[in-house]
């Protein structure tokens, strides 16, 4: 089929879209069924069905040997999380790290350094303009009273998550326009290592149902879908892996279920800022216009999402369903990205260890945003992949799989409790002899 015929078909379908009011390739809701090819169709709400890839190792007939008893004098994987977050009325945020974060344990090339003792962030412009005193004016700025102060003081036990451990589940969440197919290399890799994996298609993506109402694609609606999937498959130690927009849902679940989320992996997720849809965006155009522009959008995604634009990348874009979604769903997804709660304070409150993976050729997410995320998070490790871009899990699957696996196996170095030295016995003082007496 020629490109001219493809463009003509897109224009024709766009006119039908304007006349009929619905996109011609709308996906109808599916029944909740268990398929024989490893997919499950879960009805999270009446008429709202998500396709889920759920795979894992075969059940072990004999129970594994009991783990060795820990030395009572050694705190294995125990991390003390101490942090004070102060929000001022003028929009200033001060984050003070009061404890020692174990960031140096996973350091290497392109890793993040030790967190600063205090981090100051400007959340928003103060109402009423800039109230700071001019330099050289001789006036001193009055100290502002904090709007609220958040104290974090808890202990986290961070352990190695190995394959075939019955209490470990890996959740993979894709972003806008993708599907669970983008995780194929990661799903196959970790299943071979004995891990249990869960990967859903977001509503309107892949083989999940596509409601024809924009409210079905707001952040809150999609977050509740992910909550339903998480609570259905979660076990004791759960690891969340998100890509792009999917990182926001991982953050949401980690904040909602701190006792169940053991580790988080964010791949090209961006900075720790609240979500707000752009008012001046191409995605605000009518659905029929977006449908006519779909070939151009796909080409733009290939240019921005991949470091190279060769035959291999075009095949990955097609087979991996990296950008394959109806114009209606795309428009609703972009306009529904409203999440004011997910700001810097929200991210600073997380105490779960986080691995940040960034492809250096990413034109959607600048590296400065992931660096900012690493600064805000309490336990964060940033890894940069020089030859990768936004779809780094498709471009560099071996590198990504290695980084993810190393992070799953990582645990902090045990800290032995300081041994108490025995106190010296008190010496009895002899009375001084009286004058003239012999000693």
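Every residue number used here counts from 1 along the chain in the order it is shown.
In case you wondered, yes, glycine gets a Cβ from its N, Cα and C as well.
Listed features, source Swiss-Prot:
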- 54-75: region 'Disordered' (REGION)
- 58-67: compositional bias 'Pro residues' (COMPBIAS)
- 122-148: region 'Disordered' (REGION)
- 138-148: compositional bias 'Basic residues' (COMPBIAS)
- 169-271: domain 'AB hydrolase-1' (DOMAIN)
- 244: active site, charge relay system (ACT_SITE)
- 362: active site, charge relay system (ACT_SITE)
- 390: active site, charge relay system (ACT_SITE)
- 415-439: region 'Disordered' (REGION)
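Per DSSP, the domain 'AB hydrolase-1' (169-271) is made up of 43 helix, 24 strand, 36 coil. Cβ-based neighbour count (10 Å, all protein chains) for residue 362 (active site, charge relay system) stands at 25. Put simply, residue 362 (active site, charge relay system) is 5 Å from residue 390 (active site, charge relay system) when counted between their Cα atoms. Summarising the environment of residue 390 (active site, charge relay system), the number of other Cβ atoms within 10 Å of its Cβ, over all protein chains shown, is 25. Each residue contributes its Cα atom, and for residue 244 (active site, charge relay system) and residue 362 (active site, charge relay system) these two points are 11 Å apart. Counting every protein chain shown, the Cβ of residue 244 (active site, charge relay system) has 24 other Cβ atoms within 10 Å.
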